[in-house]
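Enquirer: Attaching a single structure in structure tokens format; questions to follow.
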Ligand SMILES: CSC[C@H]1O[C@H](OP(=O)(O)O)[C@H](O)[C@@H]1O
């Protein structure tokens, strides 16, 4: 994505280091952090400096690179892989990327691994960029179909959390069709769910849409149903952290509620994912491990005060407890279609994709 006229990916190699955009600093500061060890990459994933299913997959791949630069024997590779996989359990992309790196590295001589690892990780990053470009094209066709039916009308699309450029290496998943439609001249507007507790919508989706001058409005997580009830939403497009082969969708907490409201109002509900987000070993989404994050993410909020200082404030009584499940599961019956780099599939046809991968 272009930021201040400079094209960035969200993660890239710089000599023997890996650079990331520190997403915990957005939208009030744009800071690049240089990582030198796999331990630093584990912390960057765990603390959500980098987040988003496809991006944490690529980040974990680069973590494998950093972890084998000084010692690339089998035991070291296995230890680094285990540490990276343990950082976050829900997005299947992370374990998928680590296993792919491990398989490729274990199949070559120890002396070749340090250098080859950079090539293997770059391939995962480049594949993500290409997949998201294709998702954008397939998804844009869905938006164009709505525009054809209503040429004068602005097309209102609701999205939840951040499944944009910042959640991937480049291009985004749920936002890729929106960028493609906007760039093709279609009149799109995005309702951006703030997405408590970490506000990936308010802080990240709004920020990146603004960088690309896409019209958007930040709303509370609770407003989506009301807007749907009043005909203000033409479609919903979200990302996912893990999709089962039956089309059950695990995504940021609150997605399920949006799907229920969309279903009740016959509003198309699409999920945009690259195929590495599909878990072919799983059928029932309720079997997916849901990451339970620190309750302080609910108890505190971060923002900028009038003096431009970023502050963290408590928003619940000291005596109160909080619970912080980071994801929920939307059953396939509530999903209109899954937008992949191979095309758009109704959930019941997703399994036909497995044999062609
Ligand atoms: C295309 S990103 C998919 C997914 O990842 C985000 O989770 P997190 O911000 O906790 O890493 C969110 O669920 C996005 O929809």
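Including glycine, each Cβ sits where the backbone N, Cα and C put it.
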Enquirer: Please state which member of 140, 200, 302, 304 TrEMBL lists alongside 51, 52, 53, 88, 251, 252 for binding substrate.
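Expert: So the substrate site in TrEMBL includes 51, 52, 53, 88, 251, 252 plus, from the candidates 140, 200, 302, 304, 200.
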Enquirer: In sequence order, what residues of the same chain, 6+ apart, have a Cβ less than 8 Å from the Cβ of residue 200 (substrate binding site)?
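Expert: Residue 200 (substrate binding site) has long-range Cβ partners 51, 161, 162, 252.
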Enquirer: Starting from the Cβ of residue 52 (substrate binding site), draw a 10 Å sphere and report how many other Cβ atoms land inside it.
Expert: 29
Enquirer: Taking the residues 51, 52, 53, 88, 200, 251, 252 listed for substrate, what is the greatest CA to CA distance in Å, to the nearest whole number?
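Expert: About 17 Å separates the two most distant Cα atoms.
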Enquirer: Residue 251 (substrate binding site) to residue 241 (active site, proton donor): how many Å between their Cα atoms?
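Expert: Roughly 5 Å, rounded to the nearest whole number.
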